[in-house]
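Undergrad: Please read through the structure below; I'll follow up with questions.
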Amino acid sequence: MASVTNLVDSIVVVECGERWRARAEAAGRLLVLINNHTVELSGEHGSAGEFYSVLTDVGVRVACSSGYAIVLTQISGLLPVEPEPGNFSNVTFPENSAKYYTAYGIVDSGYRGVVKAVQFAPGINTSVPPGQMSLGLVLVKLARKSIHVTSIGSTRDGRTSEANLFYDYFAPKRVEDAGYDISAPEDATIDPDESHFVDLPIVFANSNPAVTPCIFGRSSMNRRGLIVLPTRWVAGRTCCFFILNVNKYPVSITKGQRVAQLLLTEDIDDALIPPTVNYDNPFPTYSPSESTKAPQSPVLWKFTTDFDREAPSSLRADGGFGSTGL
């Protein structure tokens, strides 16, 4: 069986179960998932009114090239069931009546298990009726090279005067991994409903404008109720992001603990990650439209009923939960 690195670029092998329906939209960049069944978002313990994290099986397995990653996101509002539109240009997206929230998740190219979403809902019994949950898988191209990172003040006129400090702050990754791990620079205790600001004293040289660094959370952190606000690393600014504690009790992180991941992207959509620092939105939603940035290469979501045969083998296989794994 072929390696994942041999999968043709811009082709994603997809297996979708009967409990969800799927279709490609937005010039192929987006695979829309709509529930055919009632999704129960129920807390296992606690009291009504608390904000619970629930791991939701979204009914698909996917395999993409190692040069890509897939971002799982909540679509803004609901999609009409009949008739199916050819695009999103004439579709309105009502407010999310179910009051559930979905954390951004990263599906690595090597993951072969069922994709799962980390979702949050208030109260202990929240049900989402059939056709009322709309999620999306967005294909993102990864940059082939890393960026040149220097300490604050060492970049002048676009030129760097120090050695590259990239791997001093970001752990090396495997070929099948989408992101580079970011470790907490210090111990911290985050109070309920409060944010912790992580600010690494480094900047990157914007020598390659095609590369856009973006910071995402980790599934294990999401499940603990610690949400990294997904954001860009803006050129000329330090590498900074917020971690929000949505629990009703303090949660501690320790120095060296993996708390986030850095993705180096080539064609990130502004509708997915806006070109500014995210200060206040832990659960962004993706709003596709005619202005949605088309991928550099046409994307083919290849549906199959024999995923294990058609998807290339991988070292990770179904290890971890996915989106990113726990």
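Just so it is clear, glycine is given a Cβ too, placed from its N, Cα and C backbone atoms.
For reference, Swiss-Prot lists these features for the protein:
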{"type": "BINDING", "residues": "Arg218, Ser219, Ser220, Phe321, Gly322", "note": "substrate binding site"}
Undergrad: When you tally the Cβ atoms that lie within 10 Å of each candidate's Cβ, which of the binding-site residues (Ser219, Ser220) has the highest tally?
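TA: Most Cβ neighbours within 10 Å: Ser219.
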Undergrad: Relative to the Cβ position of Arg218 (substrate binding site), how many further Cβ atoms are located within 10 Å?
TA: 25
